[in-house]
């Protein structure tokens, strides 16, 4: 006959029968204590298995969200760069995006083109009240495209000549072409504010209100002054040991810019003027055909 080992109550220490489920002295539940380690181990194993099998994979960002986030970051950084250049135009910002300057010049050209388009539409709306048979839609589209292209080419002339003279005066400079455009745009970023104001005035004024045209003409002088000063300053600034004298470099650069712009203006006036004149002549001929002799 086998004897079972005695056990004691973990609560009061009284001796218990081997099969006792409760302590006769204090009433402590012995069965719950003996079953707890096994149930705890089982629950731990079940939890580990469910965690290992049912663990969800982390959500991966979708390409559309990544693109939207990158666009927001780019626009936020661009706006901060633009504000900083307005406060301190001559301070270099090496952390600026490589395309910030080119984007600024494109926006300036676009705003000017849109302002001219609004003014042209208002003028043609007045003309239609008298000459109702004329259709200027084709001419307006051509003016918009040609104006935007011409303004981009003018900016390209400025930065190309400026960068050429910058390399001439400082051949060992690590400044790249896009970096130079950023520097040039930071000096002339105030023009973007001028163009935005003119565009808003042209947008909200009526077709008989000349405020938009007057403001457009009014900002031409300060814009040209800023363009010229930014062009000259971007060539000679931050050059520790110039190959040529800074003053003569600016004089030669200004003469070169004037000559190139003059040639470009004559060619543009000849080519585009003839094209627009032909379109207007054809339009008038088509309109006069409505009135037989």
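Every residue gets a Cβ built from N, Cα and C, even glycine.
Not measured: the values here are computed from a predicted model.
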*Looking at the candidate ranges 15-40, 41-66, report the one that TrEMBL labels region 'Disordered'.*
41-66
*asked:* Within this structure, do the transmembrane segment (139-161) and the transmembrane segment (247-269) have 3 or more Cβ pairs under 8 angstroms, counting pairs 6 or more apart in sequence?
replied: yes
*Top partner of the transmembrane segment (181-204) among 99-119, 139-161, 216-235 - counted as Cβ pairs under 8 Å*: 99-119
*asked:* Treating G and I as helix alongside H, and B as strand alongside E, what does DSSP give for the domain 'Zinc-ribbon' (8-29) in helix, strand and coil?
replied: 0 helix, 5 strand, 17 coil
